[in-house]
Structures are given as C-alpha cells and as structure tokens.
C-alpha cells in the first residue's frame, strides 16, 4: 500500500492535517479541484462503493451459476458422450471380437437417458452422484446411500439417478414437465430400456432416502420390479426439497444396426 | 481529517476507489478505458475460474441428491 504513494504526491499530502490541497503533479490538466469530503461522507461513500461492488459480484455469481456452468458442463458432457459413442461404435459388437476399450468402463458413462417430456437432448449417465460427477453435465446413478440396480444387470431393483436442476448442464431442469404415463428411455450399447412414469413426488425432504429403495413404497408399489427413479432439487434455483419421478420398465428392445430409437422417442 | 488514508490510499477525501484507480491509470481517456476493460476482464476471469467454483459448494443452491446426513 505504501508503494502506491510513490507515484503521486496527492496521497501523502492528505496525511498531514493542513487542509492545503496542493497536488499539481498528479492533477490532470482539465480536472478542477474536487471538494474534500467530511468523515461521514467518506464512510458513506466507502460503504456505497462496497455495496456496488458486492452487487456486481453477486450479479456475476448468478451469471456464473445459471449460464457459465452450463456452457462448461455441456461442453464436458458432449466430449464424454462422444467418447462413449465412439467406444460403442468401435467396440466388440462392430469391429470384430475383443477390439477397443471396454465399453462398460464406468468412468466413461454407461448409457444415455432420453426423456422427451423433459428435454429433447440425451443425458449421459455416469457412476456416482458426487458434485464432481454431476458438475460435468451428466446424470449420475446412486452408489450411496442406496446403491442403484443397473438395468443392464437384469436384476429387479431400482435404477436411481440424480442430476442438476439448474446450472452445470441443468439436465433435469424440466423434470416438472414429466406427467404420469410419459416414457423414460435408457439407451445402452445394445439395448433400449423403455420405462413408463407411474408416480411423481413433487416435494420431499432431502433426507428421504426411502425413495431410492429397491421397492420404492412411497410410489405405491409393494412388489419387486424394475424401477427407475429420477431425483433432483426443487423448487427451481434452490435446494430446499427434492423432486422425485418414478418409472417402471415396460419392455426392452434390441438396438438395431441404425440405432433406430423405440417408438416412444419418435 | 483523512481517516483511513494510510489504510486505504484511495480514501484521500476526494473520491472513491474506482475513481482512484481511474486517476492512476496512465494514458488518455481511450487508453484508460481500454486498461479498465483489461482489469475488469482479469477480475471476472479470477472470479469465474477460482472464486466462484470454490464458493459454490458452500452455498445451498445446488444439492440434488437425497442422503441421510
């Protein structure tokens, strides 16, 4: 701070109590001499500038949260999705036996979620629901506190997923547009898993881990089955509650050569 | 009576820190405007790249999972 005094004499000049305001060196030619402020005016002006600065920073934070994180996440998700598609195209199914990297490398994502009622985009699904995973603009399947049952395992259970409502790709932003009966389709390398929405819980506590259960009883089902659960935060722009959508497997379809989507997506 | 003039060199009783910065930028008006833009860009970059990513998980806006803790 002291070093800044070197450049011009005006700051040092104010330190002494003589109210002689003479600083010809630093004054720009056209500047007429401004009035000195009293202590109250100075404090007010200092807080005024602090408030202006805080307002600007908060405004920038909103822009960061709702716009910039989407830009970054969409780019990241797009790259990862391309990797998965490439691995699928070059995997054992197409290019002979055993070639290419393992198509179910959990790091790369296990498939794509299609929910036409919510978004026209496909959503890459990866392992885990940590912020690090979800911030890449993907949906994550739960490993904690209740482990998701992957549809590819063929077992009965609950395929539970989470994604951001706002920012970081905002993949589940339109979750409130899903109605009962709407299709939720999960695409893997060689199968389409077609689910049908059968229950929606528009607001629940963030501690309600029962919604992830193998048999999500709150959805009204009492028997084991192939379920899918989408979770995100609600209301929009906050994280006060959780929004839950449940679906049940209707059928699976083999992926054909052209990856023709099932009727629900056409 | 310049309170805090030693602590905050821009509070020399004339104006606030923004005009203090402006007065201390070299060059004519256009050069200063350009330098101001560069400074603003630098500040926005630091905020977006380091400060906001650090602050975001501390704020309760973006927790989407259910958990039992």
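Just so it is clear, glycine is given a Cβ too, placed from its N, Cα and C backbone atoms.
TrEMBL lists transmembrane segment at one of the ranges A:40-67, A:68-95, namely A:40-67. The Cβ of residue A:233 (active site, acyl-thioester intermediate) lies under 8 Å from the Cβ of A:165, A:206, A:239, A:240, A:241, A:242, A:243, each on the same chain and at least six residues away in sequence.
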